[in-house]
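Everything on this sheet refers to the single structure shown next.
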Amino acid sequence: MATQVFVLIPHAAGKADDAALELLSAARAMFPGVTPTALVLGAGADQTAVAQEAAAAYPEVWGFSQEVLAYPNAELIRPLLLKILPAGAVVLLPHSTLGIDLGPGLSVKLGAAYLPDVVGFDGIDGSLLKVVRQEFSGQVSAHVQADIVKGAVITVRSGAFQPAQPGPAAGTVVDKSAEAAGLTARRRFVEVVQAEAGDVDITREDVLVAVGRGIGEQDNLSLVDELAEAMGATVCCSRPIVDAKWLDKGRQVGTSGATVKPKVYLALGISGAFQHLGGLKGSPFVVAVNKNPKAPIFQAAQVGVVGDLMELLPELTQQIQKAR
Amino acid sequence: MPALPFSPASAVVAGVPARLLFLLIPLAGLACFSWMMVRRVAPLLKAAPDPRFDNIWERTILVLKVWLAQWRHPRYMLAGVLHIVLFLGFLVLGLRSFQLVFLGFMETFTLPGFGGPLGAVYNVAKDYAATAVFLSVVVLAYRRGIVRPARYAVPRELGKDHTGEAILVLGLIATLLLSESAFEGSLLAAGGHGSAAPLTLAWACQHLLAGLSLPVLAQVNLASYAIHDLTFFYFLCLLPVGKHFHVITSLFNVAFMRLRPGNVKPVQHGVDDKGLDELKSFGVKTLEDFTWKHLLDFYSCADCGRCSDQCPANRVKRPLSPRFISIKGRDHTYQRYPLFGASKAKAEPLIGGIYSEDEIWSCTTCGACEEECPIGIEYIDKIVDLRRGMVDEGMVPQSLQKPLSALAKRGNPWGKLEKKRADWAAGVGEGFEVKLAEKGDSAEALYFVDSMTSYDDRMQKIAQSTARILHKADVDFLALGKEEKDSGHEVRRYGEEMLFQSLKEQNTEAILETRARRIITSDPHAYNALKNDYAGLPPVEHVSEVIAAGVESGKLKFNPLADTTRTYTYHDPCYLGRHNGLYEAPRVAMDAIPGIRRVEMEGACHDRSFCCGGGGLGLFFEPEEEQRMGVVRIHMAREAGASVIVTACPFCLTNLEDAIKVAGLEGQMEAIDLCELVDAQLQH
Amino acid sequence: MEILVCVKRVPDSAENEINVAAGGADICREDLVYAVNEWDNYAVEEAIQIVEREGGSVTVVALGDAEIEESVRREMAMGAEQGLMLVDAGFAGSDGLGVATILKAAAQKKRYDLILTGAQAEDGAAQVGGMLAALLDHPYASLVNKVDVNGQTLRIGREIEGGSQELSDIDLPCVLSIQTGINEPRYVGLRGIRKVASVEIPVLNGADLGVDLASVGKAAAKVRRVDYFVPVVSAGAEMLTGSTKEVAAQLVELLKAKGGLN
């Protein structure tokens, strides 16, 4: 079907997010033959830089530079998109805190279908688009079908699509800043309060031992510490561990924590909810240990062990110490 | 009797008869003391009801044993013996002080019955008593002031050190003793009335003062009387303002102490389970929600620190010290009901005020504090009542909300499927099949398994061992299967009374329906719940009793241990030992195994067993602590020379096994359940 | 402040294994235990705390079949004064937009200053709050982890990537979706639920709400779930088996080979 596809390019500090290329892959997979248009909203030099970067992959980039867009406020972006998008447009957003904020309302205002948190594509039949979603923290998946005859707003889960290779020829940037003039919203951005920096920077570590809810009790963390020490690795964790205040926020991997790019990632008692995996980038070698053979982490891992951490950890620590 | 050379009653000071003063001092002292007592009793009258005037005979025995004979004191030998000396001396000298009051305005006064030989004997006894007490006071002052045992320390956040108060009181006691001796000695030195018993304080005074002129002796006599009289009434009026209130209240505290261990007080005395729905509020939220006995407990605490010294939560630095439950309660009571003037504290919630949520959730209800308290102060009921109040206000940690809601919906704290409750039975092995109520079977005995043993992969082994032992002992038994719900033991102790009531009703109905004539459990928490929290059930036994009986009858015979290099010790589960007095059966069962070498964790066994960390919901609660109780316990076992710690409770086993791993002692230490040990040695 | 909180009754995945029923038409529901969606408890708690500070009242609304009464009562036991049940056979099978359309009608029955939802549902898509805001033409913020009332505006915090907090001012009336961790939801026991057992909860159907049944329900849904399935385990996950010792030995070799031992 003939449709126009737009991709909102997420960016920060003058650089496009990894999702920019993943969204391009998703767009190409779902709408082959359609040339997607990148939308780069921002302000000043940052916006210009990102627009140029986007043009390396996207044949056409629409740039919107306005001071109010310096920080992405969904309440400002939504009316802007409403104004500039043609009828029946398909918009791809990252399923990020911005996408979650922007997408549902945008779909209503556009009269388009909303397909959130898409992890896969399962075909298109006329105006019926079929995608894959997950429910119950990834315990089950579902095929979801939407009629996109009046357009669609699709948010794509981070890491679900491989980043696209940038095209050979650079695209063009069309400056449409004038259309973004005079935007106001009933929600005004004030500031970002940075998460407290911890004692370690897990984003720079090559070998991470990650611990999740499966460790059971706080005292058992000592077993993880010992293993990490034997490996020469750094301990990080999933959200429940931070919520329980067992480890600092600075050690949390995931969409609401840090994004890490280690070489080796040992996931202990982590079920592998996408919020956690969303923070794991750079194709590390993932080893997962979990009691539950159905834990989604085993889908993300290269090597899996179904077993009891309390038994395995001391043994592993001992053998590593011996092996040295 | 020859006339006395001088007496306070006949003295004249600055032209005024001294007897007027000596009449005024007691009158003023008594008036002041009575006023204070009236004010102190006032909050007790406003507190919640508590029917403690039952079982007069049993309570009399308690008074004789715990109060008069100071039964629990020698558990701390030095302090205990010194206290016994002090206490008995006080009883003896109390009579003398009583007599002295009258001698201030009557030249002669003898207590009724003390005129003859009894009086003569008493006079000797009181002189020695005074001397013994004096020596005790010296040692006690040295301990408190110089040695300063750790258990008296007051953490900075909990207020000022209490040493000053202790030393002041010891000083007052010494003053009383010395002034009485000087009074007596001066009279004797004046001659003509015999001699004091040799080597007593009075005797020393007599000899020190000998040779002084009569007028000087008269002045010494008068002065020492005045000092004694003033000190006595000052001390009396000091009692109701501090920790020495126990001098008065301990008698009542012991007389009204709780008689039955194991159980938990009802939400409100006088309201039965069916009336619970009508209550406007649950549990203790403000001071007056406590029962009068619990307020009396606050008054009675002597700050001796034994409870906290034994408290496992305090030991691992959880934010709980039972001693300060009492001290903070007492201080708050004094603030709310001061001796003079209007209340200095509002009727504000105790939680968030004097107590913190974490403090109250930190208790495992192990009962070590109550076992230790020399005067019967209760803690578990207070903790449970405070938790009931918190539950009623919705103040429950998220870590406990999940298991509680799972218990409500599924009857077990993990929310596992009801139909899987008897899955363990498939693993009992060849030879027999476990009967199940859910299949319509019937039997003479019911094995109540409870959630932990039913669902936990590791603990299912206890159920399987228990089943094999019962089968071998020719016990015809069945299990409830999916009809069984959690016993609710910890549900109740964590303050969720209504959920407990619902679990109790479901279980009671299911149990009675089986028509079993007795109930056997392998989980002390279930054992205690069915025995002490439920009503109208057949008798309840712990499996260790069945084993001990089987050993005696010869039905259970054991093969010798294959590995005789190991040393075993038995860890008393709180709800088997302290709460139910079941100490011997498990030991008998162990000792019946040929070749076993068993040691005791001396000083930390039987009623001084150290809690593993708590069962039931305790497994879910995430306390602030520096160490795990289980780890402390494992080290105790190790120090006793044991390499295998045997217990008889699935929660103990879980905590101890985890602790071995945390302590890094795998391969060196092992924890097993009594049933597993016995099952492995059964002769077939 | 008048606050409306939208709650959903969902299978409690913490207490259930979720399995796909034969054919994938649904998940196996026979052994499922239902509960109020976890995020919604935080939303109700936040609403109650705001009302405790600022005055006003909290209304809890749920959409579904008769079973939702249990959920609404539970949230009322937390301290929400009023409940509202939206029940109509014609609502069944609604997509996110359909649900938002029905909730919009309920939200317009009274003047609400603030409407809260959970940030997402166990079986949901984190969409209804945003759609409801758009339908009502209210400003919206998702993943809210802080709310301070400042007259006619709220100072709110949103949880964003990296665990940071984005602060904004938002005008009332508005719609917020509430993230976990914003507060500690209070416990509701059997006793609390019994206390509100006899409180009457109005039940409204499509006609009461003035909702055109043609615009909601299964037939109107633009987005439909075709089936459930269990994803195939990715080929890369090689499962190690054997005794603890053997597994550990294999892991040591693998970690060595991949540079996992620094």
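Just so you know, glycine gets a Cβ as well, placed from its N, Cα and C.
Sequence-remote contacts of a segment are chain residues at least 6 beyond its ends whose Cβ falls under 8 Å from one of its Cβ atoms, and for the domain '4Fe-4S ferredoxin-type' (B:292-321) they are 40, 43-45, 47-50, 52, 75-76, 79, 149, 151-152, 155, 158, 162, 166, 243-246, 249-250, 252-253, 256, 327, 329-330, 333, 356, 358-360, 362-364, 366, 368-375, 377-379, 381-382, 385, 608, 610-611, 613, 623-629, 632. Per TrEMBL, the feature domain '4Fe-4S ferredoxin-type' maps to B:292-321 (among others).
According to TrEMBL, the domain '4Fe-4S ferredoxin-type' annotation covers B:353-383 (among others). Helix first, then strand, then coil: DSSP counts for the domain '4Fe-4S ferredoxin-type' (B:353-383) stand at 14 helix, 1 strand, 16 coil.
Cβ atoms under 8 Å from those of the transmembrane segment (B:20-38) belong to residues 8-9, 13, 101, 104-105, 225-226, 229-230, 232-234, 236-237, 239-241, 339 of the same chain, restricted to positions at least 6 beyond its ends. Annotation source TrEMBL lists transmembrane segment at B:20-38 (among others).
Positions annotated as transmembrane segment by TrEMBL: B:76-95 (among others). For the transmembrane segment (B:76-95), the list of distant contacts is 70, 111, 114, 122, 125-126, 129-130, 132-133, 136-137, 139-140, 143, 149, 173, 176-177, 180, 247, 304, 306, 374: same-chain residues at least six beyond its ends, Cβ to Cβ under 8 Å.
Feature annotation from TrEMBL assigns transmembrane segment to B:128-146 (among others).
Packing against the transmembrane segment (B:166-189) from elsewhere in the chain are residues 4-6, 86, 93, 96-97, 100, 127, 130, 133-134, 137-138, 140-141, 144-145, 152, 195-196, 200-212, 217-218, 220-221, 224-225, 227-228, 231-232, 234-235, 238, 242-244, 303: each is 6 or more residues past its ends and has a CB under 8 Å from a CB in it. Residues or ranges marked as transmembrane segment in TrEMBL: B:166-189 (among others).
Under the heading transmembrane segment, TrEMBL lists B:201-220 (among others). Within the same chain, residues 5-6, 11, 127, 130-131, 134, 177-178, 180-182, 184-190, 195 sit at least 6 positions outside the transmembrane segment (B:201-220) and bring their C-beta atoms closer than 8 Å to a C-beta of that stretch.
TrEMBL lists B:232-256 (among others) with the feature transmembrane segment.
Over the domain '4Fe-4S ferredoxin-type' (B:353-383), the average per-residue pLDDT in this prediction is 96. Residues 25-26, 28-30, 32-33, 36-37, 40, 52, 59, 62-63, 66-67, 90, 97, 100-101, 162, 165-166, 169, 172-173, 176, 293, 296-297, 299-303, 334, 339, 375-377 of the same chain lie 6 or more positions beyond the ends of the transmembrane segment (B:232-256) yet place their CB under 8 Å from a CB of it. For the domain '4Fe-4S ferredoxin-type' (B:292-321), residue counts in helix, strand and coil come to 18 helix, 0 strand, 12 coil, using DSSP.
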